[in-house]
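Asker: Pasting a structure here, questions to come.
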Amino acid sequence: MATHLSHPQRRPPLLRQAVKIRRRRVRDLQDPPPQATPEVQVQSHHFSPEERDLLYEEALYTVLHRLGQPEPNHVKEASELLCYLQEAFQVQPEEHQQMLQRVRELEKPIFCLKATVKQAKGILGKDVSGFSDPYCLLGIEQKVGVPEGSPVSRRRQKAVVRHTIPEEETHRTQVKTQTLNPVWDETFILEFEDITNASFHLDMWDLDTVESVRHKLGELTDLHGLRRIFKEARKDKGQDDFLGNVMLRLQDLRCREDQWFPLEPCTETYPDRGQCHLQFQFIHKRRATVASRSQPSYTVHFHLLQQLVSHEVTQHQAGGTSWGRIAESQAVTILFLHATQKDLSDFHQSMAQWLAYSRLYQSLEFPSSCLLHPITSIEYQWIQGRLKAEQREELATSFTSLLAYGLSLIRKFRSVFPLSVSDSPSRLQSLLRVLVQMCKMKAFGELCPDSAPLPQLVSEALRMGTVEWFHLMQQHHQPMVQGILEAGKALLSLVQDVMGDLYQCRRTWNKIFHNVLKIDLFTMAFLELQWLVAKRVQDHTAAVGDLVSPDVGESLFQLYVSLREFCQLGPSDSHEVLALDGFHRWFQSAIPSWLQRTYSVALERVQRAVQMDSLVPLGELTKHSTSAVDLSTCFAQISHTARQLDWPDPEEAFMITVKFVEDTCRLALVYCSLIKARARELSAVQKDQSQAADMLCVVVNNVERLRLIIDKLPTQLAWEALEQRVGAVLEQGQLQNTLHTQLQGALAGLGHEIRTGVRTLAEQLEVGIATHIQKLIDAKGSILPEDAILPLMKFLEVKLCYMNTNLVQENFSSLLTLLWTHTLTVLVEAAASHRNSSLASSRLKVALQNLEICFHAEGCGLPPEALHTDTFLALQSDLELQAASSRELIQKYFRSRIQQQAETTSERLGAVTVKASYRASEQKLHVELLSASSLLPLDSNGSSDPFVQLTLEPRHEFPELAPRETQKHKKELHPLFDETFEFLVPAEPCQKDGACLLLTVLDHDRLGADDLEGEAFLPLCRVPGLTGCVEPGEAPQMRLPLTYPAPNGDPILRLLESRKGDREAQAFVKLRRQRAKQASQHAPATEP
């Protein structure tokens, strides 16, 4: 079995075409440009004076001897037709009168009526069978001297043909047997002299043959047939039956008539006798004109048609309009009369029309679609045998002539059908369709058997035309001054024109040729042109050599870019090696010049942009200056140049990209130095420090915009695609180490410049913030904190609004971050130095709250996660405590102990079990102390003497309620108290934050102070019945683990202890210190 490697596969059509073109181009590249193909000789549509006179005579003769009524849309007046002929033939009035008189003196033609009896329907059935054997008698009666409407005339209208017309002038059709709808389709030529007194007569008869009665009885079908037998028995043997007649005055007929006429009776016996289909045409015999005597009728008609169409086309062109068909009623009338009088068949009329139009199309400008109708007519009626040898030759010549002319137009379609004219595509498409229809005709195939297939002829014409057009363009772009630079510019213009032509071929022309002829014009043109372009580009780059000047380098770069675009235009499905494959190697020596010029041009633009920059924002929404915009454009141009270059060789492409990145980063740092120097230069002449700050803001914004531009280099230079290309030729990570290292170094330098600028702006505000915070603290005590903070907030509002207006969002956010960090530092220092002043702490607390709102700015400033730093949270907590009163601090202390109680699960110190409920009706807090368990042995005997002290805390909320105690249990670590206590207390203080029942378990000591077993805190807000109006039921038991105070002290206690002048605070701290001391003496070994 043969495999796909056994034999080479057949090449696709596109590949075969490319191979053929390449072979031809090898010869073409070595030979001089081919000579232009000789132009097709077009026959003139003008007649000689003698031919024109004969044709004019023929036209006048046709009008003067017109017969019949005019057609509905035809011209009635002969004078109007004569005037039109005089204009169409451009005959002077005197000459016209002379020729008209001469034509009138010519012998009249023999007038004839061409009558065709087509068929009849619904005639009477005269035979016994119910049918008839009809035939017709017809002729023309000349009425001489009989006035219209006289009795004789009326009688003659009732007369039959055999009684009124001589037998030699009578014509008879064939007999159609046994039918009521006979079909004859027979034509007769009937001559007459005077149309005004002539009438056409047609009688229809039923042929009667002698038959026996027995035979007729055999055909009998009904009573009507029986009556027919009796009637025939009375008449003469062999007498025919009259079926009806048609009588028409010739002067009432049109030049051509085709209709159904009713059969009239001689008597009123049977008024409805059916209809007869007749066709009439008035024709001439023996016309006296020279043209009619010497030339075939269709030739004369063809020449007349050519003359009239030529006149109409010329008239339309003079009026600036396009001719589409014969629209003048005079021309239509004359041509109709001539074809009718000459008795031209439809086929010969179509042939004459084709000969005239195909010849005129080659010399006059009118739509080729006019040729489709005669082509269709000839194809529909084509029968080769009907044409004589000279007619076949004439038709074949017209085919070959139009084909040659059409191919010459197709070869030059770029100039003949320019796209600057809107209807050019439709005109070309119409021409192609005409050629296709013509070559598909049976007549063309029989008369032009040796003609090559039309697609082959058109393809060759397009190929030759493409080559001719290229050489024409090359001559057009030939420089006046010879030199390398001028030659490069000329070659660049040539390549751009070639690409423009290919774009037009692909966008417009290719669809037309492909739809009509299945020809891929674009591919053929591309394959032809790329060989021609490649030769000239290779010769030019060889002439340039290795020493490339800047101007020549720029010209070569533009040529390189154009060639890249040219190659991208090529068909994507072509696998053929093209002449332009690897063309980049021809430009390899120009790469250093291109890179150096790119950097030099960019550096000049950067320097010029900075020098022209006044460091003023471009607008309210645009906060950078002109140099930033110019720099962005400059870097975009560098990226565009890199994309245009797109060097195919991977390793060289990597080195080129490294150079582009290096130059871009260098330009960025150069810009930073230049823009800072420009700011110092402008600030030196400014006396207002605010203007210097404005310039600094603009500089920072410009550098930030530059940083964003540099950050997009990987995308703009397509690093990912480059990394895929160079993966096979570079070491792993080499691209990352080289390009990304360059980029990160540049970004780091720009980031440092931005931070330096923002830090400078922040330093100008930090002094003001510290000053206003100090004034806030030093304000009089009578000033509320909300009022004391106003100067600071107004200062920040003004300054931050200014910075927000002049800085881009990224830099403004950086500034806010620096200011927020500095502000927190100032507040922490102030809070630490005024720790003992609740007033100062209150003001600092209000300041922190307002500053948080200010720096957040409803989402337009710093986000919450940036504001709520560890320093902020610690400061917020400290100020919350420092600003609180002593009683508020005591409440916070008990709230923290309640929280500690809720989080404690270990019972290392023991636990107490209680029940608590509140009776709102009695305003009593009912407490049942049930038991304690697992107490620590604090006595030397290994046991304890426990009792529990019950107090409602904080004391300032329950000043009238004295502490309660349980009984003391001797030597018991698990005492059962089972004691009940009631506290008369309103519900309101019990519901406050920090309100609790403090259960202090003590070990009774007879000799000294009681020892602390532990504390338990029952929050009153959890007591059943306190929040509802319904009396509580059975209160649930609550088991509370015992806890110790914090061994390292409590910040709240330390804060209270610092308030020396507050006796309540000092008493509370003293008690809590005592409890902490007791706890430290008996803490378990595992307690930290």
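Every residue gets a Cβ built from N, Cα and C, even glycine.
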Asker: Say a student had to find the phosphoserine annotation in Swiss-Prot: which of Ser48, Ser150 would be the correct pick?
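Answerer: That would be Ser150, per the phosphoserine annotation in Swiss-Prot.
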Asker: Quick one: which of Asp993, Asp1011 does Swiss-Prot put in the Ca(2+) 3 site with Leu938, Asp939, Asp1003, Asp1005?
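Answerer: Only hit among Asp993, Asp1011 in Swiss-Prot's Ca(2+) 3 site, alongside Leu938, Asp939, Asp1003, Asp1005: Asp1011.
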Asker: I'm validating the feature mapping. Which of 26-46, 152-172 is tagged region 'Disordered' in Swiss-Prot?
Answerer: 26-46
Asker: Taking only the Cα atoms, work out how far Asp206 (Ca(2+) 1 binding site) lies from Asp939 (Ca(2+) 3 binding site), in Å, as a whole number.
Answerer: 162
Asker: Tell me whether Asp1005 (Ca(2+) 3 binding site) sits in a helix, a strand or coil according to DSSP.
Answerer: coil
Asker: Of the binding-site residues listed here (Asp127, Asp133, Asp208, Asp945), which is spatially closest to Asp939 (Ca(2+) 3 binding site) when Cα positions are compared?
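Answerer: Looking at Cα distances from Asp939 (Ca(2+) 3 binding site), the smallest one goes to Asp945.
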Asker: Taking only the residues in the domain 'MHD1' (557-675), give me the average pLDDT of this model.
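Answerer: Reported value for the domain 'MHD1' (557-675) is a mean pLDDT of 86.
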Asker: Whole-number Å distance between the CA of Asp945 (Ca(2+) 2 binding site) and the CA of Asp127 (Ca(2+) 1 binding site)?
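Answerer: Asp945 (Ca(2+) 2 binding site) to Asp127 (Ca(2+) 1 binding site), Cα-Cα distance: 157 Å.
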Asker: In angstrom units, rounded to an integer, how far apart are the Cα atoms of Asp133 (Ca(2+) 1 binding site) and Asp1003 (Ca(2+) 3 binding site)?
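Answerer: Taking the Cα atoms only, Asp133 (Ca(2+) 1 binding site) lies 155 Å from Asp1003 (Ca(2+) 3 binding site).
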Asker: Starting from the Cβ of Asp208 (Ca(2+) 1 binding site), draw a 10 Å sphere and report how many other Cβ atoms land inside it.
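Answerer: A 10 Å sphere around the Cβ of Asp208 (Ca(2+) 1 binding site) contains 18 other Cβ atoms.
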Asker: Using DSSP and three states only, what is Asp939 (Ca(2+) 3 binding site)?
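Answerer: SS state of Asp939 (Ca(2+) 3 binding site) = coil.
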Asker: Could you give the number of helix, strand and coil residues in the domain 'C2 2' (908-1033) as assigned by DSSP?
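Answerer: So the domain 'C2 2' (908-1033) is made up of 7 helix, 55 strand, 64 coil.
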Asker: Can you tell me the three-state DSSP label for Asp208 (Ca(2+) 1 binding site)?
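Answerer: In three-state terms, Asp208 (Ca(2+) 1 binding site) counts as coil.
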